[in-house]
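Working notes, structure below.
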Amino acid sequence: MAEEPQATTEAPAAPAAAEESKVAAAAEEVAVSEKEAPAAEEAKKEETVEETAAIASLDSFKEESNRVADLKDPEKKALEELKQLVQEALNKHEFTAPPPPPPAAEPAPAEAPAESIEVTKEEEKTEAAPAESSEVATEAPAAAEVKPAEVVEEPPKPEAEVSAATEEPPKAVVEEAPVKPAEETPAVAVVEEKAVETIEESAVSVKEPGPASEEKPAEDPAPAAVEAEAEVPPPPPEEVSIWGVTLLGDERSDVILLKFLRARDFKVKDALAMLKSAVRWRREFGIEDLLGDADLEAAAADFEKAVFMHGVDKEEHPVCYNAFGVFQDKELYAKVFADEEKRQRFLRWRIRFLEKGIRELLDFNPGAVCTMVQVNDLKNSPGFFKREFMQATDKAITILSDNYPEFIARQVVINVPWWYLAFNRMISPFLTQRSKSKFVYAGPSKSAETIFKYIAPDQVPVQYGGLGKDSDADFSTADAVTDVTIKPGAKHTVEIPVSETGVLIWELRVLGWGVNYSAEFVPNAEGEYSVIVSKARKLLATDEPILKNSFKVGEPGKIVLTIDNVSSKKKKLLFRSKTKSTTE
């Protein structure tokens, strides 16, 4: 899964859409070429996969320290600036506030109101429109018919008052009056008439209440009210937490803020915008409710065939496996991707799975492990040839890259088909160098070997070439595994010394088998005969992947295992052993 997002959370839509169209076109081009590729070129494609994997491993990503003391001065400064901005945002409740509204639309052209007024004017002349059709239509005629006689209908007032009310407002209107006659510009005339009416009505309303209304000072608010308003204390800062850690609280907060800073190349404002967006998304998506969703818990039986956690790598990172090949099962594919509702359910389960992994397996204390390793198995993957699968994958990648920054230490992609690398070369220009450095690729014949570079064999699941099992009564991850490479046509012996009585147990596997195997016990005492534990036999690729055997030891000696590589290819041998008491 791609992890690194773009440089800012508010990237322009046009460039993003352009990139998506290029990637889609590349995918279509690769799909067509895959269908047309002749079978004779498969060997050459496999070589290309292995070469690319070797090149990818040379420029591997090195994870930075999450201790503040280890940061460079500019990075420390950026962290302090971000903490200040986060505190200000918490004080203003910006994390829980709704997102800002979209930008307002441009105002309509000035001609539109004028046209509507002209239409209203025509309707008045024909007397076809009702009085309530528009505000302008009801008020404009009244303004046009204002005459001194109308003022006389009101209660008698002194002539000075009437003249002041009727003659003073038109002076303001006359100053703004256009030069052209009203007949030539009916729209402007109506607006002027309405202005006259509004001014006259306001003048009359001020006079009507009498002297009592003039005594109320409208412009000066009561001093007591102002003081009371000033004394209202501001609300306390909001409390926001993410992955069980408050945004500003202790050293763990610094580790989380560093994730957002690194995802945005230490651009403080961009990191703050990403953090706000992530907090808002978590609230809208209902992250806390997901953790207790019984329906999603019940779905784990099906979904965990495709996504599961197993063991840790050599640096103690938890390892997540994505086995896309299980979706070749048509029944399972339909259960997960048949419609939008099912895809959304799988997405919610995947987010829930990640949230539980973060809270249970990661540690945000400085110096602790706070990232994961992902192994993506592309064997029999639906890939670009299943539209529903790609839709769900694209949506998941977008959500994870926008809201879970810097949670992946390395992406190991195994069983890579040739078409994937062709596609990857096309989209490579759209990825940052930081993102590309986290990926390691391996073809089918190199997958187990590549995994072993980063994950010890005892931590690797059996289906990926290791000895790791969910439950084993005899061995655990505490029992060390020895791996040996056997050259073509060579014979290798393993000697396991035994100095005490008990039961010696051992297990071994040779990837792809194609070897002869035998075992015997050789006592230390002179003159004693060797005991054949297992006769020589050939082990094939179709045999069980792991061979386990035991021998009850009654005297000091050694178990000798012989592995004869009769194939023309080098083989990887894995084995481990332990002695148990007879009571065990």
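Including glycine, each Cβ sits where the backbone N, Cα and C put it.
Note: TrEMBL annotation is automatic and uncurated.
Source: prediction; values computed, not measured.
What TrEMBL lists as compositional bias 'Low complexity' is 1-30 (among others).
Taken from TrEMBL, the feature compositional bias 'Basic and acidic residues' covers 32-47 (among others).
As annotated by TrEMBL, compositional bias 'Basic and acidic residues' applies to 60-83 (among others). Within its own chain, the compositional bias 'Basic and acidic residues' (60-83) has Cβ neighbours under 8 Å at 248, 251, 254-255, 257-258, 260-262, 266, 268, 271-272, 315, 366-368, 370-371, 409-410, 434, 437-438, 440, counting only residues six or more beyond its boundaries.
Per TrEMBL, compositional bias 'Pro residues' is recorded for 97-106.
The compositional bias 'Low complexity' annotation in TrEMBL covers 107-117 (among others).
Look at TrEMBL and you will find 118-127 (among others) tagged as compositional bias 'Basic and acidic residues'.
What TrEMBL lists as compositional bias 'Low complexity' is 128-146 (among others).
Residues annotated as compositional bias 'Basic and acidic residues' in TrEMBL: 147-160 (among others).
TrEMBL lists 168-180 (among others) with the feature compositional bias 'Basic and acidic residues'.
The feature domain 'CRAL-TRIO' is assigned by TrEMBL to 296-472.
Under the heading domain 'GOLD', TrEMBL lists 448-579. For the domain 'GOLD' (448-579), residue counts in helix, strand and coil come to 13 helix, 67 strand, 52 coil, using DSSP.
On the 0 to 100 pLDDT scale, the domain 'CRAL-TRIO' (296-472) averages 91 in this prediction.
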